[in-house]
Amino acid sequence: MEVWFLLVTAFSLLRSLETASPVVDNSPPQIHHGWNYPPDHNEEEIRNKVHNWNENSGTNIWEHSGLKEGDIMEQAHTKGRNVVKSRKINWPHGIIPFILQPGMNSGEKKAVQRGMEWVMQRSCIKFRPYRSGDKDYVHLMYNLTGCWGYVGRQGGGQVISLQRHACFIPGSVAHELLHATGFHHEQSAPNRDDYVFINYTNIEKGKKHQFQKYSSNVVTDYGVGYDYDSLMHYSRKAFSKNGQDTVIPYQPGVEIGQKSHISEKDYEKLNFKYCNKTVEEMEHEEQTTQSIRPTSGPRPGTVEGTDLVEIDLVEIDLVEIDLVEIDLVVIDLVETVPKAAEEDLAQEEIALRTVVAGQVETDLKIIDLAREEIALRTVAAGQGETDLVETVPRTAEAGLADRLCQLRRPN
């Protein structure tokens, strides 16, 4: 009996977010980027500002982080570089490996999870845990000052700072993750003066440089246009010295600086940058694919109905293991390690025997890779085992990133 399963966010992401330390295999190489703090950087003052920020302040929390445009960290040798237009700093195949700093609590992990879901929901970006051999990755840390990160892939490990008791808000997490994909702030667009008025009389002393624009030679909106609704836009009172507006939209009644969602145009730009598709094209492909799937259940990139921090097997129907950058021709299921239903799904090890082109067989391997989906069905509490399904043979060159994996339950 053939069963098609709807894919959800990566199993490896789930496993990482459940555990205190997401690094299952060898420790990653040491992060080598220097942090280029401005000369007037006062860590204690910034920490207090970020800690005391509240939703009613009329600002975004990341605007108080004391860096370029509030939250953009630069390496000394790349100072001033804008990378939005360059594909050289894109993450290959849109896959972003990540590490969570050990010691994150369940609420913090949940906020990270939601921020990643926001980015993945309508884009071709994928997050998965770091594994040995990854050269580039993001390291989400809670014991630094402020909410900040780098713009684009820097090479090696790069920090995303999420100050504890302050920055673990889904909108702030998603904002920093979008920086990591290559986004600058919306109001730094070359055409911003056609859409907003910058009132320099209300800006803090010495902060006017925080409102610079970039040339169209180094940034692009991919023809999508200016976006008041962008998650990457300054608030009205960014860097205000007197509580009055510093950024005033010309269009009456519009909101800027929202932190509740990634906008339609944000997704459009992200998809043009990484997969040369519009949101509508991706959704059309999704609808076409869903015509041969069950109609119920969450969409890819979401984990509706599941709690990835406090896992309950009764509530989980589907997880996935993605395959990428692996030269396997056939993947055969061999055995599972039975687990009690109340145990964390993250601890279950699924042994697979792989057959590689030109070889006979390889040793048993634990598959913890990301891109092609292999769905697993978990049984209700009390049954104590996880049913396995077998994969349809794949050729390594057949475009693993964009294909569904047909699943067939064993007789």
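Backbone N, Cα and C atoms are what each Cβ position is placed from, and that goes for glycine too.
TrEMBL entries are annotated by machine, without manual review.
Taken from TrEMBL, the feature active site covers Glu176. Sequence annotations record features per position, and here TrEMBL assigns Zn(2+) binding site to His175, His179, His185. Per TrEMBL, domain 'Peptidase M12A' is recorded for 82-276. Annotated region 'Disordered' per TrEMBL: 283-302, in sequence order. Here TrEMBL flags 1-19 as signal peptide.
Those residues of the chain, other than His175, His179, His185, with a C-beta within 8 angstroms of the mean position of the Zn(2+) site C-beta atoms are Trp62, Glu69, Asp71, Ile72, Gly149, Val151, Glu176, Leu178, Phe183, His184, Leu231, Met232.
Under DSSP, His179 (Zn(2+) binding site) is assigned to a helix (H, G or I) in the three-state scheme. For the recorded site, His185 (Zn(2+) binding site), the DSSP three-state label reads coil. Taken together, the residues in the domain 'Peptidase M12A' (82-276) have a mean pLDDT of 94 on the 0 to 100 scale. All protein chains considered, the CB of His179 (Zn(2+) binding site) has 23 other CB atoms within 10 Å.
All chains included, 28 other C-beta atoms sit within 10 angstroms of the C-beta of His185 (Zn(2+) binding site). Of all Cβ atoms in the shown protein chains, 27 besides its own fall within 10 Å of the Cβ of His175 (Zn(2+) binding site).
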